[in-house]
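Feature annotations, courtesy of TrEMBL:
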SITE      Arg22  site 'Transition state stabilizer'
SITE      Lys29  site 'Transition state stabilizer'
SITE      Arg169  site 'Positions MEP for the nucleophilic attack'
SITE      Lys225  site 'Positions MEP for the nucleophilic attack'
Amino acid sequence: MSDESRPHRTAAVIPAAGRGVRLGPGAPKALRALGGTPMLIHAVRAMARSRAVALVVVVAPPDGAPEVRNLLDEHALPDRTEVLVVPGGDTRQESVRAGLAALPADITSVLIHDAARPLVPVDTVDSVVEAVRDGAPAVVPALPLADTVKEVEPGAPGEPEPVVATPERARLRAVQTPQGFDLATLLRAHEAIAVSGEGATDDAGMVERTGVTVVTVPGHEEAFKVTRPLDLVLAEAVLARRRATDVY
Ligand SMILES: Nc1ccn([C@@H]2O[C@H](COP(=O)(O)OP(=O)(O)OP(=O)(O)O)[C@@H](O)[C@H]2O)c(=O)n1
Ligand SMILES: C[C@](O)(CO)[C@H](O)COP(=O)(O)O
């Protein structure tokens, strides 16, 4: 629950320590170029564009913190943006935990944003922050699905898998980042998951398991995650259009 007596101060943690195996061989994904600029720099700028974000913590590949610090120093960011860099871990969950540990004591709420979602528009960031500041302990940007989803009995790669269920699509959402949290709520969830040894593919999922209600706000198509090579083609096209129109 939020402590309403404290003034709001929001930080963004950007996990950027992944390898990017699904994108194919090359540098760690967050350091690969999009429109000639590392994907991570786009993601930091996307957070810094929100006037609500007071501090950004970048979680670098475990042995890459000095390189990431240099990159940040070489690229222009809004003057008011303070950026810390910490080394990450072997999983996204560990990396987020390392970022949370670096937050100063006056932070009340936090956005967790994948470096792999470099093009999230500022309006989406602002609507997540606003919902948290309005009192929601956990907020995710979400979009309805275009495909029908099947639950299967997982089998060997490439082999047919029996379908066990077809969830009602109207009740499903694809969730994006930034995911926004009352900081104390997210810290409690990470602690509980670390103790139980369970894994989770997103931070909101951890919070759900502690019994706290997570709510959605509208996501944005351009907040997609760069995961596979085709995503990079789409990201280049979106960025080229933005640069031509100067609309971010
Ligand atoms: N040990 C890890 C793994 C992932 N991430 C970050 O979590 C975000 C979402 O993860 P994903 O898109 O899966 O990135 P990768 O783990 O790099 O991708 P892959 O699974 O293809 O290797 C990315 O910004 C990634 O850098 C991280 O900080 N630390
Ligand atoms: C956090 C996330 O982006 C929400 O959709 C997603 O779960 C990350 O998954 P990944 O497999 O670590 O890319």
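Using N, Cα and C of the backbone, Cβ positions are placed for all residues, glycine too.
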Q) Out of Arg22, Lys29, Lys225, which of these recorded sites is nearest Arg169 (site 'Positions MEP for the nucleophilic attack') by C-alpha distance? A) Lys225
Q: Output the one of Arg22, Lys29, Arg169, Lys225 that, of all these recorded sites, has the highest number of other Cβ atoms within 10 Å of its Cβ.
A: Lys29
Q: Report the recorded sites (Arg22, Lys29, Arg169) that meet this criterion: Cβ distance to the nearest atom of ligand 2 under 6 Å. Use sequence order and write none if nothing qualifies.
A: none
Q. Can you check what DSSP calls Lys225 (site 'Positions MEP for the nucleophilic attack'), collapsed to helix, strand or coil?
A. coil
Q: Express the distance between the Cα positions of Lys29 (site 'Transition state stabilizer') and Arg22 (site 'Transition state stabilizer') as a whole number of Å.
A: 9
Q. Should Arg169 (site 'Positions MEP for the nucleophilic attack') be counted as helix, strand, or coil on the basis of DSSP?
A. helix
Q: Write down the Cα-Cα distance for Lys225 (site 'Positions MEP for the nucleophilic attack') and Arg22 (site 'Transition state stabilizer'), rounded and given in Å.
A: 12
